Amino acid sequence: MAGLSGAQIPDGEFTALVYRLIRDARYAEAVQLLGRELQRSPRSRAGLSLLGYCYYRLQEFALAAECYEQLGQLHPELEQYRLYQAQALYKACLYPEATRVAFLLLDNPAYHSRVLRLQAAIKYSEGDLPGSRSLVEQLLSGEGGEESGGDNETDGQVNLGCLLYKEGQYEAACSKFSATLQASGYQPDLSYNLALAYYSSRQYASALKHIAEIIERGIRQHPELGVGMTTEGFDVRSVGNTLVLHQTALVEAFNLKAAIEYQLRNYEVAQETLTDMPPRAEEELDPVTLHNQALMNMDARPTEGFEKLQFLLQQNPFPPETFGNLLLLYCKYEYFDLAADVLAENAHLTYKFLTPYLYDFLDALITCQTAPEEAFIKLDGLAGMLTEQLRRLTKQVQEARHNRDDEAIKKAVNEYDETMEKYIPVLMAQAKIYWNLENYPMVEKVFRKSVEFCNDHDVWKLNVAHVLFMQENKYKEAIGFYEPIVKKHYDNILNVSAIVLANLCVSYIMTSQNEEAEELMRKIEKEEEQLSYDDPNRKMYHLCIVNLVIGTLYCAKGNYEFGISRVIKSLEPYNKKLGTDTWYYAKRCFLSLLENMSKHMIVIHDSVIQECVQFLGHCELYGTNIPAVIEQPLEEERMHVGKNTVTDESRQLKALIYEIIGWNK
């Protein structure tokens with residue numbers, strides 16, 4: 001508050017003013033006043049103590065530790081300042097320094113149990129789980145002194161639950177947290193711990209139940225935190241990283257809910273969940289929220305996503321998933337050199353944050369670019385290991401069912417699902433090597449080898465359909481794979497990818513099932529009309545892309561006049577149908593037409609030429625703000641903004657038409 005910092009404070013009012021600011025949680029303003037006062041009296045115990053407290057509340061833990069270090073030096077007889085310093089260093093993730101300061105207090109019986117708790121927390125954060133467990137059990141047994149009695153039993157049980165969670169014993173952690181919650185009553189952080197354990201054991205419904213309770217109580221008890229305001233479109237002020245926000249566990253709950261929705265492939269809901277959380281400025285966001293924002297908005301804003309993940313990698317600490325996710329995304333966007341560089345520069349992170357499976361998988365993906373045969377062998381080794389695990393787990397499920405052991409069934413099924421999630425990407429990476437070579441029979445062979453495990457998996461079925469479709473003599477077989485995917489979502493057909501619908505329509509046409517193709521197109525048209533009625537400004541491309549693909553098919557077969565006419569009609573009205581993707585399909589047909597005209601391989605009627613010129617004129621008019629090409633997110637040399645438009649490419653195509661038919665002579 002500028003006025004406050006610049007105003008003259010009356011004599012005798014300074015202390016009262018500072019305490020009022022602290023009472024009202026206006027810590028930043030208190031820091032300003034205390035900083036000015038300490039310039040005049042740098043050894044003031046009261047000033048340093050209050051400044052350290054304010055820094056701690058502002059989560060400026062390193063600065064708080066500096067204040068308490070000064071106090072410890074000025075007043076060595078008051079050992080509580082050493083404890084506060086150690087706690088602040090721990091919060092700042094400076095674990096060796098925190099351990100060193102805490103060790104000096106171990107001989108003081110008054111602080112013994114608190115120091116043990118702090119040391120247990122430090123070891124837990126450093127990943128030394130046996131060391132942490134030993135200290136927690138020491139406290140629970142009463143060896144921590146008088147303070148470690150009944151009051152700390154709850155803390156001890158929670159700590160044991162956290163250790164079980166870190167050890168991967170999620171069911172046991174759930175039991176521990178649940179029992180503690182029943183004994184102590186509702187606590188937001190404890191309820192979150194339970195939800196997290198349920199999430200990790202894939203019990204999403206139970207996790208969402210506890211998340212809902214955290215959110216409902218947070219909204220009811222603290223309406224000032226503005227939950228949901230950003231999603232509703234209100235322009236709201238940041239609530240900051242206050243103690244109240246931390247105590248509600250709302251940020252953690254929203255992040256976990258977003259992760260669950262993302263796992264369930266409800267991507268829009270996941271994005272909305274992140275905007276529902278209490279509003280904060282970007283510089284105030286915690287690492288987990290920043291990581292999740294990057295991940296969930298990657299398709300829409302990839303450049304921003306990469307920047308956030310790269311930034312997080314420089315922080316200490318960062319969410320453990322950051323390293324692996326950044327590498328996977330580099331590979332997804334085909335920045336293999338960057339992925340290789342990051343792996344080489346961060347060998348220490350490789351062993352800490354990548355499982356052997358993930359490291360081998362990334363290594364194979366990177367190798368694909370220079371030595372595809374070697375990469376295929378690496379992927380084959382991974383696939384072989386995973387198929388053995390799948391067979392073993394299938395046998396375990398069968399045995400558990402025979403013995404009617406529900407717990408064993410659940411455990412084996414969860415392990416099977418996790419192994420399948422590893423197997424599918426390996427399989428797809430193998431198939432992609434042959435796909436890139438347009439060797440579709442070999443892609444089909446790779447998929448057929450995996451039918452034992454994957455015949456019910458949607459991703460596998462979709463890609464089998466694509467490879468059958470691309471072989472051009474297996475349209476009937478492709479229909480057998482596309483149809484179940486479409487029928488599964490028939491009531492919400494626009495949830496199906498437009499290219500799947502287009503390929504199914506083409507397959508129907510190529511097998512003389514024109515009635516089925518027309519029925520499917522009528523269904524798409526009906527749903528688009530309904531959506532257009534509900535939201536007149538919404539752009540919808542499904543039927544347009546289906547018609548574009550059919551038009552492309554006719555052009556490929558040499559029937560350009562019918563194909564081009566279909567393409568032109570598919571983009572009407574232009575304000576709703578013209579987009580980067582639809583323009584991509586349309587211009588390919590026009591380029592093919594112009595190539596064949598320039599070689600004098602085809603003759604086109606003047607009326608069709610006139611129709612083409614008119615169409616390109618409309619695209620020129622409506623395509624001013626539509627990118628012709630979506631640029632790669634990390635491209636150093638960006639395309640000229642004025643040239644990367646549908647308008648510019650329309651003009652170029654029109655000029656080519658004039659040149660070929662001689663209108664410009």
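In case you wondered, yes, glycine gets a Cβ from its N, Cα and C as well.
Because the structure is a prediction, the values reported are computed rather than measured.
Residues or ranges marked as repeat 'TPR 1' by Swiss-Prot: 11-44. Averaged over the repeat 'TPR 1' (11-44), the predicted model has a pLDDT of 87.
Long-range Cβ contacts of the repeat 'TPR 2' (45-78) within its own chain (Cβ-Cβ under 8 Å, at least 6 residues beyond either end) map to 15, 18, 22, 25, 27-28, 30-31, 34-35, 37-38, 84-85, 88-89, 91-92, 94, 97, 241, 243. The feature repeat 'TPR 2' is assigned by Swiss-Prot to 45-78.
Proximity of distant same-chain residues to the repeat 'TPR 3' (154-187), defined by a Cβ-Cβ separation under 8 Å and at least 6 residues beyond the stretch ends, is recorded for 117, 120, 124, 129, 132-133, 136, 139-140, 193-194, 196-198, 200-201, 203, 213, 217. What Swiss-Prot records for 154-187 is repeat 'TPR 3'.
For 189-221, the entry in Swiss-Prot reads repeat 'TPR 4'. Nonlocal intrachain contacts for the repeat 'TPR 4' (189-221), taken as residues 6+ away from its ends with a CB within less than 8 angstroms of a stretch CB, comprise 158, 161-162, 165, 170-171, 173-174, 177-178, 180-181, 227-228, 247-250, 252-254, 256-257, 259-260, 263-264, 414, 417.
If you look up Swiss-Prot, you'll see 393-424 marked as repeat 'TPR 5'.
Under the heading repeat 'TPR 6', Swiss-Prot lists 425-457.
Taken from Swiss-Prot, the feature repeat 'TPR 7' covers 459-492. Panel annotation: around the repeat 'TPR 7' (459-492), residues 424, 427-428, 431, 435, 440-441, 443-444, 447, 450, 500-501, 503-504, 506-508, 510-511, 513, 520, 523, 527 of the same chain, lying at least six beyond its termini, place a Cβ under 8 Å from a Cβ of the stretch.
Taking Cβ pairs closer than 8 Å, the coiled coil (508-535) reaches residues 475-476, 479, 486, 490, 492-494, 501, 542-543, 546-547, 550, 553, 576 in its own chain, all 6 or more past its ends. The coiled coil annotation in Swiss-Prot covers 508-535 and rests on sequence analysis.
Residues of the same chain lying 6 or more positions beyond the ends of the repeat 'TPR 8' (544-577) and with a Cβ under 8 Å from any Cβ of it are 498-499, 501-503, 505-506, 509-510, 521, 524, 532, 585-586, 588-590, 592-593, 596, 602, 604-605, 608, 611-612, 615, 618-619, 621-622. Residues annotated as repeat 'TPR 8' in Swiss-Prot: 544-577.
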Using DSSP, how many residues of the repeat 'TPR 3' (154-187) fall into helix, strand and coil, respectively?
28 helix, 0 strand, 6 coil
For the repeat 'TPR 6' (425-457), find every same-chain residue at least 6 residues outside the stretch whose CB is under 8 Å from a CB in it, and list them.
361, 364-365, 368, 372, 375-376, 379-380, 382-383, 386-387, 390, 463-464, 467-468, 470-471
